[in-house]
Every structure is written in C-alpha cells, then in structure tokens.
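Peer 1: Supplied in structure tokens, the structure appears directly below.
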Amino acid sequence: MELNVRCVVLLAVGLCSTLLLTTVATHQEEEEPIMELAEDMGVEDELEDLGLGEELLDGEVDPEDTDTPPGPPPAPKVTYKAPEPMGEHFFAESFDRGTLDSWVLSKAKKEDIDEDIAKYDGKWEVEDMKDSKLPGDKGLVLKSRAKHHAISAQLLRPFIFDTKPLIVQYEVNFQQGIDCGGAYVKLLSQTPDLNLDEFVDKTPYTIMFGPDKCGEDYKLHFIFRHKNPKTGEYEEKHAKKPDADLRTYYTDKKTHLYTLVVNPDNSFEVLVDQTVVNSGNLLTDMTPPINPAAEIEDPDDHKPEDWDERAKIQDPDAVKPEDWDEDAPKQIPDEDAVKPDGWLDDQPEYTSDPDAVKPEDWDEDMDGEWEAPQIPNALCETAPGCGAWQRPMIDNPNYKGKWKAPMIDNPNYQGVWKPRKIANPDFFEDLHPFRMTPFNAVGLELWSMTSDIFFDNFFITNERHTAERWANDGWGMKKAAEGAADPGLVNQMMTAADERPWLWVVYVLTVAVPLILIIVFFCTGKVRDHRPSKKAAAPAAADYKKTDEPQPDVKEEEEEKAEEDQVKEEKSQPG
C-alpha cells in the first residue's frame, strides 16, 4: 500500500516538475535573447531618457510606488527610433519623415482590361502601425482593397551586378491578415524609357521578390528576368518553392523581415526574420533552366510507316482447339441441389397488408385502382423459403469464354520510336547569370483584397554586414517589443498545437519520457527501509564474508536489538 502511494505521489510531482521546468527553461531561452537584443539596440538608454529607470527592464517595481496588486511587469514602453543608413547602400527608406516626397504614384492604366478597374487608383499613406508596441513607428501602408496599386522610388544610383552581392530587404506586416494579395517588390530595370509616372505591370524589372498569397497558396517569390544572349529576349526564371512552412508569416499579424541575397558565384538565399527558408544556385535551381539543352529532337523527323512499336503480338500460328466451346454459359444450375424440406411453393414472399385501408381522399379516376401495400408473408418467416423453388447457379466448369490466340514476342519489334537528336540552334551557355540587367528604381505594383498592408525599412546594399546592422536597428527593435508583449508560453503552445495537431504528440512525449523513467526507477526497485524490520532478520556475519563489495554498517541495528532485549529482561524480572 505504501509503495502504491509513493508511486502516485511521484507521478504527480514528476508531472508538475516536468511541466514547470520545461515552461521556465523555454521562457528563459526566449526572454534572454530579447533582453540582450534590447540592450544591443539601446532600449535601456531609451528607457533612462524617458525616466523609466533600470527596474522596468529588470521587471522590478517598487511596491511603495504603486497600489496595483503584484503581477507580471508591463512591457517596456519605448519610442521607436528609425534606423540610420550606414556603409555602402543604394537605397534606404524608413518613412520616418512621415511623407512620400521621394516616391512617385503611378498615373497609368493597365491594358487589356475593363476601364472601370484599369486605373492604378489604390491609396497609399504613411502612418503609424496599428497596435504598435513602439510608438512612432511609421511605414508605407496600402490602404485600399480590390484596387490596383503602383508606387516607386529612384535609387541613389543604379545597382550594377559586378563583383559584389545584391542584398535586398524590407519589412511587411499584414495588419489585418491577408486573404488574396501580394506584398512583393520589383527592382525596375535601368532603361532609357523608364518613367515612374507610367509604372505598370508590364514595366521591365530585373528582380521580383517577396510574399504573395491567395487562398491556401502561400508563396515567397524570387523571380529574375534573364536576357537571352542570342536573341536579346527576356525570360522569367522562378526559384524553386521554399520547403519551409510559410503560413505563420501571413497570419500572426507580426512584422517580418524579408531578405534576398544574390551572390556573384550565382548562389542565392531567401531569408525571413534572418533565417534562411530557401537557397540554391541560379544555374541549377531556377525554372525554366538558364541554359537550354545542347541537343533537341529534330522537328522534321517523322516515324516511318512500317515502324513496328508492338512488343507483343498474337501468335499467328495458333489454332483454336476443336473442343473449345465459346457458347458455353459462365454459370449453370446446380444439379446436385435439393429443395429444402418445408419449402412453401404455394405461398408468395409478399402479400397485401390486411390492415391497410384506402385513404378517404383516394380518387380512382385520378389515382387509379387502389391496392393495399405489400408486406412480407408471415408464413415465410419460419419456412426455408416461399414461391417457386429454383436450383442455385454455380460456375460452369466447362466455361472457357471467347478464344484468343496467345501473345508472343514480336519478331519485328523495333522499339518505341523517337525523333533523332540534332544540335539545338538556340543553344547558348551563360555561366554568369548573376550579371543581370542593372536596375535604378524600386517599386510596388500590387493588387490586394485586404487593406492596411504595412511596409517599412527598405534597404538595398552590396554589403552583408551593412544590411544586418540596418535590420538589427529597425526590425530587431520591433521583434524585441513584440516578444515582450507576447502572451504566456502556455498560450503560445496551445495556439501552436491548435494549428499543428502533431505538436500534442511532442508535448506528451516531452512529459511522458522523464515520468516513465522516474516511475521505473523508484517504483519497480526494492524499497529500502533504514530502520530494522521485526520480520526481517539481520544478515548473518558469514554472508558478508562471501563478497568483497562494501557492505552497509549494521552496527546501529545490532545496538537497537540489544536495547530491545534488555527492556524485555527488565520487564520479565519480578518487581
């Protein structure tokens, strides 16, 4: 009984301890990098400037300064400070000025569509993010729904693809989620006739990059237009689809950082929140491929009329056997069957319901002669059957079906015909697709069924460390603020498990494995009692001599036994 109680107690303690330790450990892992990031970005200095003191960051509140009951400390209230561009860069826009002075709204119309929806009349505004954890965080907001939007801005100077990488990054927040719409950017090619006032969907671009979603199709585009060196024509090349699950980025209403890195060695990376979600090489991971095949099938080659592609044919020498009966039925009556005793030949299986009554509104002129509905014959319920008995059908052992000649290998088989290969007249080999068309403007040309898409902190550079500094100064501060305001870990785990039910298995295993180990260790072994049992005699001294292993000290047990014997002797002596 005592062992069972201990097992139950251990089970409860183990469950609580495991959940507590897992929660605390995970929370600390999430909290520490957030606080470290806040310190790196100068959040602590901002708090001191606001007169909030170090205790706000540490989560400590003087009980004398407030009448609020003890509870979790509030998230730090930090005014947003836009990042400052440093190092080599071609474009930097944080919208902290609150205007669109350097941006151009398109005045063009789309071609080949109805006049009512051809205009690029979607509204753009620079405003604060809704439900922002950082007051003063301004960005470019797509304000309209079900309209065409187009806006663009010139780079400081054209980007030339030479010996340094291209890094493009910007932030997106789907403040109201996203039903169907895009949030991608286009890097507009440097051409003599580029006019930002006439920016439309057909305006030549070098790269298109960013999120796009419609229905349950979650995309993260990386497309570039490759110039055919032989024909001079451009063809879109699409990167493979990311393996990562992108759903969260469109539904959590948080600010996410999208980064594209294209290197001179033709490698590329696509990152979300500074984590790689897609990577590859321009030469091997784009569709259609950069370089066409060296050989193609000859379009003028045709299959000869006498070409035989049949691998098997019917044996022309085969003859139907004389005893082959094609008219034999597949099934025949079983001649060995015998009618069961008690079969009621004269009784039908169904009879008219004797209790049925013709409805009062039955009109024989309209409805015809009334007949009582049929019901199963009660006499047949106890009999093996009713009605005319017929022999059951069985498979005909003589059935062979229609005769066909057996198949044999075709002696004239020539294989499956294919056109001959010839040299591809359009073949070329471009081993440096990184050397794309230079671009000198960045634009957003979008259609969306959801409004209030928030864009911020556009940055284009050829230095990885410069882009990372810009990201940490801007998006990093937002991430820290959003992380500090996140719901508790348990709520996050529940929400995640609701979206991905397989996480429940992970949670159960995380708790169950240590509990099983604890139970096995404590409940299946022998329970040792350090006090001597009256039923268990102390081991004899000779037993200890059978092993060289260290043995427990039995001196205390011997002393207690001697005391008990002395007490018994005293009680047995006459007073």
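Yeah, the Cβs are placed from backbone N, Cα and C, and that goes for glycine too.
Nobody curates TrEMBL annotations by hand; they come from automatic prediction.
So TrEMBL has the following annotated:
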| type | residues | note |
| --- | --- | --- |
| COMPBIAS | 58-67 | compositional bias 'Acidic residues' |
| COMPBIAS | 300-339 | compositional bias 'Basic and acidic residues' |
| COMPBIAS | 543-554 | compositional bias 'Basic and acidic residues' |
| COMPBIAS | 564-575 | compositional bias 'Basic and acidic residues' |
| DISULFID | CYS180-CYS214 | disulfide bond |
| REGION | 58-77 | region 'Disordered' |
| REGION | 281-366 | region 'Disordered' |
| REGION | 531-575 | region 'Disordered' |
| SIGNAL | 1-26 | signal peptide |
| TRANSMEM | 502-525 | transmembrane segment |
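Looking at the shown structure, what environment does each listed feature sit in?
Peer 2: Listed as Cβ neighbours of the compositional bias 'Basic and acidic residues' (300-339) (distance under 8 Å, sequence separation of 6 or more from its ends, same chain) are residues 389-396, 398-410, 412-417, 419-420.
Just so you know, the Cβ of CYS180 (disulfide bond) picks up 15 other Cβ atoms within 10 Å once every protein chain is counted.
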Peer 1: Among all protein chains shown, how many Cβ atoms are found within 10 Å of the Cβ of CYS214 (disulfide bond), not counting that one?
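Peer 2: For CYS214 (disulfide bond), the 10 Å Cβ neighbour count is 15.
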Peer 1: Can you break down the region 'Disordered' (281-366) into helix, strand and coil residue counts using DSSP?
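Peer 2: Summed over the region 'Disordered' (281-366), the classes give 3 helix, 16 strand, 67 coil.
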